[in-house]
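Single-structure report; data block below.
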């Protein structure tokens, strides 16, 4: 161990200690102790690498201090003493900060003893990354040595590094990557045959998968079966709203129903034809997340508010779970969002203007990202649909980036105001939509929480401070959260892991408050805040049901 320690660079260790303290600081959501350990280990490894790189640059410039053995020993002792003091102090502070963030989002506090486990995991992660880095460096040197046989040494060194980088890129983006994605899709397709507990095949003809449907129950996929097998019926809607109600239409097609995504979209349109969905008051087009998931609260809210006089069209386009699709397959949601909307819109636009239903769109997370791909921008969106609700939109969504960048001066990035809110509005909760300025009948809403890492994660966090961390924090974000190079990126990255496992109203958890947002988008005649409260109560009961 002593020999191993002698191989470590003091400048690298000093910078690693600084990034250790940064990594313990609060971020958007409380982190499980093991995720904190991973975040800290990655940050420490990065700090060590940056320190070693800085020392190498200084030496390359001809600056090579000749420290005496005594001076070196003193330096090592100072570094050791700082480590012995700083590490335990910040581990304890980290536990305090994490519990404060837990209070903000309504999660039970954790045991402070977990800080020891954080330290151990961070140590292991740092060691693994350090050895991996040394392996890459050794490989680069070997490539450079081979190149020096035919070209000068400086060029050989550059060539060795270039070859290593090219190989890494090919592994990440090349045939191996595509093969892994295809294999993952195939692997997860087997798990898609299951049905969630409590979900049964519908019997009413208004649902896909029913005996009257052309889409067989066993082809819908697990999430598709959940979508059509749950949701309020006419009797439930009438009981909650106190008004007459229709049986809501929910149509869906699974990925295995056709050879291509556009062909699946055509099957959804056929289901709309079969159910006479074009005669309903509101027709909603939903783009799902990876495996076909639809937020039940968002869908059911729409049905309650419009008295069941609705049709919701959706489909599955992938077998990948959302977290994997978020990383590995961003093309499929865009293809699906465009295919489904265009197929529905082509039929809808030919209907008589006086009798055709209102056309609205919605989607959450990857569904929001994919669904917006049907539009050139937010102005195109407002021109072609009667309403839209985009929930927890990923930061890399071009349309979201466009509208956020166009926000009025003085409005924050977490809740932009665009053109005085004439067409598009942002909300963390329904009340945020009440700007006191005119809102056109065609209303688009971006629903996003200040603490949702899906919305705020971006590779640019590595080296650039975002506006949302320059401006006042949201009400459920620790005001002490501060941007730090590299560290904040990994903190927010790991915040995403359990971002949906927090109470509604925080993180990536969007629930019954959808009723208040849909009510403001659709403006149903005679609808009151008391009606919204009853719907929210009903949805809360549905969420808590097994």
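Glycine too: its Cβ is placed from the backbone N, Cα and C atoms.
Annotation source TrEMBL lists domain 'Alpha/beta-hydrolase N-terminal' at 24-232.
The domain 'Alpha/beta-hydrolase catalytic' annotation in TrEMBL covers 249-535.
According to TrEMBL, the feature region 'Disordered' maps to 195-214. Note on the region 'Disordered' (195-214): residues 220, 222, 224-226, 228-230, 233, 247-253, 267, 270-271, 274-275, 545-546 of its chain, located 6 or more positions outside it, place their CB under 8 angstroms from a CB of the stretch.
According to TrEMBL, the transmembrane segment annotation covers 7-25 (among others).
Listed by sequence, the residues of this chain that lie at least six past the ends of the transmembrane segment (37-58) yet keep a Cβ under 8 A from its Cβ atoms are 8-9, 11-20, 22-24, 31, 117-126, 128-130, 133, 486-487, 490-491, 494. What TrEMBL records for 37-58 (among others) is transmembrane segment.
Under the heading transmembrane segment, TrEMBL lists 74-93 (among others).
Note on the transmembrane segment (113-133): residues 16, 20, 33-34, 36-38, 40-42, 44-45, 48-49, 87, 91-92, 94-95 of its chain, located 6 or more positions outside it, place their CB under 8 angstroms from a CB of the stretch. According to TrEMBL, the transmembrane segment annotation covers 113-133 (among others).
Annotation comment: TrEMBL describes 154-177 (among others) as transmembrane segment.
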The correct DSSP tally for the region 'Disordered' (195-214) reads 0 helix, 1 strand, 19 coil
